[in-house]
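According to TrEMBL, the protein has these features:
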- 1-27: signal peptide (SIGNAL)
- 32-86: domain 'MIR' (DOMAIN)
- 94-149: domain 'MIR' (DOMAIN)
- 150-204: domain 'MIR' (DOMAIN)
Amino acid sequence: MDAAVAFRGIVASVLSVLLLLSSGCGAKEPELNHVTCGSLVKLLNTRHNVRLHSHDVKYGSGSGQQSVTGVETAEDANSYWQIRGKPDRPCQRGSPIKCGQAVRITHMKTGRNLHSHHFSSPLSNNQEVSAFGENGQGDDLDVWTVQCDGVLWERDEAVRFKHVGTEVFLSVTGEQYGHPIRGQREVHGMSSPTQHSWWRTMEGVFIQPSMEPLRHDEL
């Protein structure tokens, strides 16, 4: 099956599940203690109380790729991200993500992966973080490791994301954009882990092995 068609089908399936859960028409998922492969989540920066966000707005400097920001609102559908395996090491659908595991974090609405590279971020001059690729396919700079204290990524714990290619940490330090994304916070990479680099899962659908919306093991 063509990768673009497959990815669009997967997103449509996940959206259907979200609509069923929000409307009360579908069965509620059992409580899961861990973040799992294929889960669709919002990620909250615990220091600044903003959710990781993206949209089809390009940076006006640096790479010119799709921008990644932090937003205060909890309702924005552009803040959903899917947790996926590496291109060469797919994770099994519904399997718990391990501490230290390498993952891709794919923006649901645009199909681009959370990405970083050696460009300066536009406001703080830290390292730029962007969304890159098409239909979930990008390159080796889309890979992040999940840093947590135990064996598995717990849903309620704060974790850090370290970029494999450049070793920076996904962070927010409070700088705010003006037009056309006024009030949104800059998301960037920092060379050291700080209080600005803690993230926790919030709203979302946590996939378990028995759930059927996601038809592909890797996604």
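Using the three backbone atoms N, Cα and C, a Cβ is placed for every residue, glycine included.
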Give me the DSSP three-state residue breakdown of the domain 'MIR' (150-204), ordered helix, strand, coil.
3 helix, 27 strand, 25 coil
I'm checking region-level scores; what's the whole-number mean pLDDT for the domain 'MIR' (32-86)?
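That stretch averages a pLDDT of 95.
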Treating G and I as helix alongside H, and B as strand alongside E, what does DSSP give for the domain 'MIR' (32-86) in helix, strand and coil?
3 helix, 28 strand, 24 coil
